Structures are given as structure tokens and as C-alpha cells.
Amino acid sequence: MERDTSSSDVSASHVGRARQRRRPTEATADGNRTNGPALLVNDQNKYKSMLIRTYSTVWMIGGFVLIVYMGHLYIWAMVVVIQIFMAKELFNLLRKSSEEKQLPGFRLLNWHFFFTAMLFTYGRFLSRQLVNTVTSDHLLYKVVSGLIKYQMFICYFLYIAGFVWFILTLKKKTYKYQFKQYAWTHMILLTVFAQSSFTVANIFEGMFWFLLPASLIVINDIAAYLFGFFLGRTPLIKLSPKKTWEGFIGASVTTIISAFVLANVMGRFQWLACPRKVRYHFLWNVIDLSTGWLRCDPGPMFKPEHYSLGEWVPKGFPWKEVVLLPVQWHALALGLFASIIAPFGGFFASGFKRAFKIKDFGDSIPGHGGITDRMDCQMVMAVFAYIYHQSFISPQNYSVELILEQILRNLTFEEQKFLYQQLGEIYRERQLMQS
């Protein structure tokens with residue numbers, strides 16, 4: 001009994017000392033329970049995390065600027081590389097090594113579907129843009145035209161080949177795992193390629209419509225991090241405990257202002273505002289994918305307009321008018337979406353990661369996680385930018401370039417010659433009527 005008493009006394013005293021040592025931590029924990037989950041502002045290693053994140057951000061922004069300077073084709077290549085990394089990270093989420101050992105070559109099937117989807121997505125885009133790559137007198141023209149004409153059939157055949165491959169690899173003890181992987185693969189392809197097709201379309205409509213929305217997401221992300229880092233106190237959403245209202249509001253204001261200013265800066269560069277279109281030559285017709293800067297008439301959206309300040313400013317104010325681009329007003333809509341709606345792509349990703357009990361999708365970017373962690377909001381923003389451009393910016397009428405492209409893409413050389421003769425006769429008849 002004495003041993004038990006002494007032992008209980010020692011335990012009590014030990015617990016008392018332990019509790020005495022933990023009081024500051026317990027008070028902090030209680031405070032966190034009151035105010036919500038622990039925020040980044042209370043992390044002891046927050047400055048180390050900030051330095052790593054800043055270092056990675058500087059490298060990413062520098063690389064991105066270099067690729068943008070190189071031109072449309074290189075940005076397109078960057079999108080493809082990002083897609084491959086995203087697919088790799090997402091494919092790994094549901095993989096189980098025990099089942100994979102029983103299914104040699106099953107991982108290769110995922111990539112078969114991936115590259116088939118890539119050929120289908122970009123093949124459709126190429127069929128609209130790159131049909132007339134060589135003169136109609138060359139054999140290569142017929143080969144390219146045939147591939148593009150039957151591109152959908154080729155992609156369907158490749159998909160069916162993958163489908164048959166999947167059925168033949170089914171094993172009795174792994175049915176459930178294999179069908180999960182099959183469904184998961186198709187969801188990844190829909191998520192990745194649905195938005196990427198809009199991203200590529202934005203690039204060729206004019207680099208402005210790709211660069212501005214992407215920059216606004218980056219600005220919103222950085223501003224939300226900094227405002228939350230230094231001022232964050234109030235939790236924003238349970239799905240992402242380190243997100244705060246202070247960061248969300250501060251980032252929203254910063255993004256909207258940045259959208260208005262950046263649109264004015266970017267809109268003054270023709271090589272950003274001009275779309276990359278098909279250029280025509282009397283011997284051949286190709287889409288211009290060179291890295292040189294574009295020259296064109298960008299349209300009224302990018303023509304400066306003078307606005308008088310009038311009575312809005314005091315008499316001694318040095319500026320009586322401001323020069324703005326009409327596209328700046330549209331940029332406000334992009335900024336509003338980037339600051340209020342696009343972050344919900346990040347919240348969705350946070351909930352997704354919680355469902356799988358992981359912190360990040362990958363570790364390819366120090367301080368940020370994986371590629372998918374950086375692209376969650378970009379995917380939402382790219383789709384909106386394309387829809388907004390097509391609805392409110394893009395001209396709805398047919399242009400000479402568009403009609404000429406359709407003629408060269410859909411008519412044979414003999415049909416084009418016949419059309420040329422018919423147009424010549426119509427032109428001569430109209431000249432006679434006018435004279």
C-alpha cells in the first residue's frame with residue numbers, strides 16, 4: 001500500500017509538474033479553440049516558410065516571364081508540361097503499391113488515356129488552325145489533311161484500344177481497385193483537359209487574355225498570403241484553416257486595383273494584344289508560330305480614350321484628364337472574378353486534400369506543394385476568361401480572314417479554283433453595273 005501511495009504521489013507530482021510546464025501551451029490551445037484553428041500568424045517557423053515560399057515564387061515568376069517573352073508556341077508547350085505534372089500527381093493519389101504489383105503495365109494504361117485525350121483536345125484545335133501547313137501541290141499536304149480529317153476517328157480508335165486493354169487486364173481480386181482507377185483516370189482527364197483547351201484558346205486569341213487572368217491569380221495568391229501572414233486573425237473557412245478574412249479582403253482589393261492598372265500597361269503592347277492568326281502567302285498558308293513580336297491593329301478595345309476629370313478634381317490639380325483603355329473596364333470584371341470566385345477553386349482543392357488526408361498534391365515546388373496546388377484557381381479563371389472574351393469582347397461577325405480560312409480548310413484545290421473564277425465573274429458584272 002505504501003508503495004502504491006508513494007507511487008501515486010510521485011505520479012501526481014509528476015503530472016503537476018508536467019501540467020505546470022504545459023500551461024502556456026494549454027492557454028494557447030484554448031485560445032485557438034476559441035478563435036478557431038491555429039493560424040499561420042502563430043506558427044513559430046512562419047518566417048522560414050515565408051523565405052522558402054518567396055524563393056520559389058521568384059523563380060516561378062522569372063521562368064514564366066521568360067516563356068511569355070519567347071512566344072505563343074512556348075506558352076503552349078508550358079501548358080502541356082503543366083498538364084503532365086498535374087496528371088502525374090493526381091494519378092498517384094489513388095495508387096496502392098500492393099495492387100500495382102499484381103497489375104504490371106496497368107499504370108501505362110493511365111498514360112495511354114492521357115495522351116489520347118491530349119491528341120483529341122489539341123488535334124481539334126490544330127484542325128482549326130494548322131490545316132494549310134504546306135502548298136496543295138505537295139504530298140505532305142494530303143498526308144496532313146488526311147490526318148486532320150480523320151483525327152476524331154483516330155482518337156476514338158485509340159480510346160477503344162485502351163478500353164479493350166483495360167477489359168483484358170481485369171483480375172478477379174482487383175476488380176474494385178481497377179474500376180476505381182478507370183473512373184479516376186477519366187475524371188482527371190475531364191478536369192485537366194477541359195480547362196486546358198480554354199487556356200490554349202486564350203493564348204491564341206491574344207496573349208493579353210492569357211497573361212492578365214493568370215497574373216491576377218498570382219497577385220491574389222501572393223496578396224492573400226501576405227495579408228494573412230501579417231494581419232490574419234479571423235478564420236475564413238474550415239476547409240482551409242490558415243485562410244483568413246483579412247487575407248481574403250486585402251487580396252480582393254489588391255487584385256481589383258491590379259487588374260485595372262495591369263490592363264493599361266499590357267494593353268499598350270501590340271505583341272500582347274494581337275491574336276496569333278493564320279497568315280497567308282500566294283504559295284502557302286500557315287499559322288504564324290514564330291517568336292517575333294506581333295504587329296496588328298488590336299481593335300478599339302486597346303485604343304486610348306481621354307476622360308476629362310472636370311469638376312471631380314480641385315482647381316490646382318495638375319491633371320485635368322486621364323487616358324484609359326476601354327479594356328480596363330473589362331479587366332475590372334476579371335479582377336472581381338479572380339478575387340471572389342476563383343479562390344473557391346482553392347477551397348475545393350483544400351477539401352479534396354482533406355478527403356484524402358494529404359497536405360499537398362505533391363512536393364515539386366518547395367514551399368508551395370505540387371503543380372496542382374498552384375493550378376487550382378488558374379483552372380477556374382481560364383474558363384471564365386475565355387467565356388467572358390467570347391461573350392463580350394470577341395466580334396460576332398465574320399471576317400475576311402475567317403472566311404478565307406474556312407475556304408482553304410474545307411475546299412479542294414479544284415473547288416478553290418472554281419470559286420475564284422466565280423468570284424471573278426461576279427466582280428466583273430458588278431463593275432459593269434456600276435459603270
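Note: Cβ is positioned from N, Cα and C throughout, glycine not excepted.
Keep in mind that TrEMBL annotations are predicted by a computer and have not been checked by a curator.
Per TrEMBL, the feature region 'Disordered' maps to 1-37.
Here TrEMBL flags 58-87 (among others) as transmembrane segment.
The transmembrane segment annotation in TrEMBL covers 108-127 (among others). Beyond its flanks by at least six residues, the transmembrane segment (108-127) meets 80, 83-84, 87, 91, 148, 151-152, 154-155, 158-159, 161-162, 165-166, 169, 181, 185-186, 188-189, 193, 196-197, 200-201, 409 of its own chain at Cβ-Cβ distances under 8 Å.
Summarising the annotation, TrEMBL assigns transmembrane segment to 147-170 (among others).
With a threshold of 8 Å between CB atoms, the same-chain residues lying at least 6 positions outside the transmembrane segment (182-204) that come near it are 72, 75-76, 79, 83, 86-87, 90-91, 93-94, 109-110, 113-114, 117-118, 121-122, 124-125, 129, 166, 210, 213, 275-276, 379-380, 382-383, 385-387, 389. Per TrEMBL, transmembrane segment is recorded for 182-204 (among others).
Per TrEMBL, the feature transmembrane segment maps to 210-232 (among others).
The transmembrane segment annotation in TrEMBL covers 244-263 (among others).
Note on the transmembrane segment (327-349): residues 208, 212-213, 216-217, 220, 224, 237, 239-240, 243, 248, 251-253, 255-260, 262-264, 267, 301-302, 361, 372-373, 376-381, 384-385, 388, 392-393 of its chain, located 6 or more positions outside it, place their CB under 8 angstroms from a CB of the stretch. Annotation comment: TrEMBL describes 327-349 (among others) as transmembrane segment.
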Sequence-distant residues near the transmembrane segment (244-263) by C-beta distance (under 8 Å, 6 or more away from its ends) are 39, 212, 215-216, 219-221, 223-229, 231-236, 325, 327-328, 330-332, 334-336, 338-340, 343
Near the transmembrane segment (58-87) in space but 6 or more residues beyond its ends, with Cβ under 8 Å, are 110-111, 114, 118, 188-189, 192-193, 196, 199-200, 203-204, 207, 210-211, 218, 276, 289-292, 362, 364-365, 370-372, 374-375
